[in-house]
Amino acid sequence: MAMQVQFEASTDTSAEEESFGPEPISRLEQCGINANDVKKLEEAGYHTVESVAHAPKKELLNIKGISEAKADKILAEAAKLVPMGFTTATEFHQRRSEIIQITTGSKELDKLLQGGIETGSITELFGEFRTGKTQLCHTLAVTCQLPIDRGGGEGKAMYIDTEGTFRPERLLAVAERYGLSGSDVLDNVAYARGFNTDHQTQLLYQASAMMAESRYALLIVDSATALYRTDYSGRGELSARQMHLARFLRMLLRLADEFGVAVVITNQVVAQVDGAAMFAADPKKPIGGNIIAHASTTRLYLRKGRGETRICKIYDSPCLPEAEAMFAINADGVGDAKE
């Protein structure tokens, strides 16, 4: 029998659990902040106390009706509710040990990533077409709904698709493999198609509001950079493109920090055409430059192997050694290579 997967809204959790989740913005009213000002913050896209506490003062001043004195008071009250000072490495280590990892569907790939895709940070998948980026995203959208003891994140998935490659049929095939109810799995995936870079950013404001209402474990953006290649062209617009991209990635990082979701973005590659390319073993590099390199916590390079096998290499990570693993793309999602 297919297992049912349903998640309760995070807002009506017990007081004990609430200390771990983000604080709803309404908490500021209890701290003496005017209800109208709280409403203005919410309309501007701030749905949690954390999002306000982490925001620079000039961002709050851009909100109509928020004066400098009000901004100072709001930030002071938010800082009291959100710990933002120094902590010992021991405490931080303890918090890190509680981080959930979401299985990729392949034992070899999970071993390479020391458990799976990490929540609370950005993982970037880049590679040529047909290397398994989108297939891995589809598999993760289902595995994140599994119970924690089965390698899941016990939460919903959010999928922002900029290339029109999302296929619900793939999710149903993966759900069947894990014995989950297909209709529940589809209900737990919030899907949006991104049409341009401004719309792509706007969707993150909606994502923030939805995450404040319900428990999400994963946010996928496939692909994070495709629309930037078409909306901005030529060297003349490079600076504007990188600034817009940096702002988008900063918002993703905030969502990962605030809600503890795993953020997975896919990226395309570009062929190097400079002199150094002649001596490089693989003359392809991910697009987005240093901006995306610094924003991603873990960068995974996917390339084709023989037949349906693919190879994943850790390109950059603060804690994982540089290594490779083989995986396969099967009818029921990402799995282990038969070889």
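Each residue, glycine too, has its Cβ placed from N, Cα and C.
Model, not experiment: these values are computed from the prediction.
According to Swiss-Prot:
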- G127, E128, F129, R130, T131, G132, K133, T134: ATP binding site (BINDING)
- 48-77: domain 'HhH' (DOMAIN)
- 1-23: region 'Disordered' (REGION)
Of R130, K133, which of the binding-site residues has the most Cβ neighbours inside 10 Å?
K133
Around the recorded ATP site, report the further residues of that chain (criterion: Cβ within 8 Å of the mean position of the Cβ atoms of G127, E128, F129, R130, T131, G132, K133, T134; site residues excluded), sequence-ordered.
L302, K304, R310
According to DSSP, does R130 (ATP binding site) fall in a helix, a strand, or coil?
coil
Local Cβ density at F129 (ATP binding site) - other Cβ atoms counted within 10 Å:
9
Neighbourhood of T131 (ATP binding site) by C-beta distance under 8 A, where only residues 6 or more apart in the same chain count:
L302, R303, K304, R310
